[in-house]
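Database features (TrEMBL):
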- 1-264: domain 'TLC' (DOMAIN)
- 35-53: transmembrane segment (TRANSMEM)
- 73-97: transmembrane segment (TRANSMEM)
- 109-132: transmembrane segment (TRANSMEM)
- 138-161: transmembrane segment (TRANSMEM)
- 229-252: transmembrane segment (TRANSMEM)
Amino acid sequence: MLDPFFTPFPLFKELAQPLCDTLHLYSLPLHIHEILSAFAVYHIIFEYIAAPLSTALLPTRYTSLSWESKLRWNMHCVSLVQSISISVLALWVMCVDQERKTMNLEERLWGYTGAAGMVQALSTGCLLTYTLGFRPVFNYYGCVFMLYELSTPFLNMHWFFDKLGMTGSKAQLYNGLALVSVFFSCRLVWGAYSSFNIYKDVWDALHITNDTKFDSRPEMMIHGQDRLLPWWLVVLYLGGHVTLQVLNVFWLGRMIAAIRKRFSPKVKVNGKAK
């Protein structure tokens, strides 16, 4: 599926090409305009939209926050917009990109579609860790693991409820239940399943030879015909996923503890709440 975003400006592409070639990020010049656009949008929301909009909608609450809390509030506003938009785009691409749906082993690891590249680019505008996908490598799995962001809007709302004086409210309770449910589903269940799939693909790829032939489509392998999979990249990428899965279990425990703390009845000792 072609990139539905507008085509890059030739000047941006020409300026980015030498550095991208040096770093082996061969498909990044095709998406440099999307990275810059996403960064600009996130910055504008943080710097020029979050504060005045929050002041207009919540004049008492927002203006009473400390400078540090206002800064964090604006960051959560950006995170809320980014996580919702990326989750929707990733789900959309996974549903409508027919080429991506029929990828074989070679295409899943080294193949490329413009739509999946767009999702990675818009995410890179916020988190530079996604630049590895522009080698391109694991382009197929970019949208898969982007679904981790499905739980982030609920996490942001949980923080907002605290700052709005709604700690312990029914709204925060329902949001907390949704947060734990979605976090468990998308990060632990879906994450473990998807991690197993990518581990299996990498294991199979490490055992193929130069003589191994795949019925891959040339337009999808335009940037990955050499099928390079250096060990440092395998260790960095897969090691990062293992670490993230361990952290997900830890974070889930912290979330449950935080929610229980807000809704557990207070125990009184000598007439005082403890």
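Yeah, the Cβs are placed from backbone N, Cα and C, and that goes for glycine too.
In TrEMBL, annotation is done automatically, which means it is predicted and not curated.
Between the transmembrane segment (138-161) and the transmembrane segment (35-53), fewer than three CB pairs separated by 6 or more residues in sequence fall under 8 Å, so the two stretches do not touch. Long-range neighbours of the transmembrane segment (229-252) within the same chain, counting only residues 6 or more positions beyond its ends whose Cβ lies under 8 Å from a Cβ of the stretch, are 109-110, 132, 135, 137-138, 145, 180, 183-184, 187-188, 191-192, 195, 198-199, 202, 205-206.
Panel annotation: around the transmembrane segment (109-132), residues 1-5, 25, 27-28, 30-32, 34-42, 78, 82, 85-86, 89-90, 93, 96-97, 99-100, 103, 138-140, 142-143, 146, 201-202, 205, 216-217, 220-225, 227-229, 233, 236-237 of the same chain, lying at least six beyond its termini, place a Cβ under 8 Å from a Cβ of the stretch.
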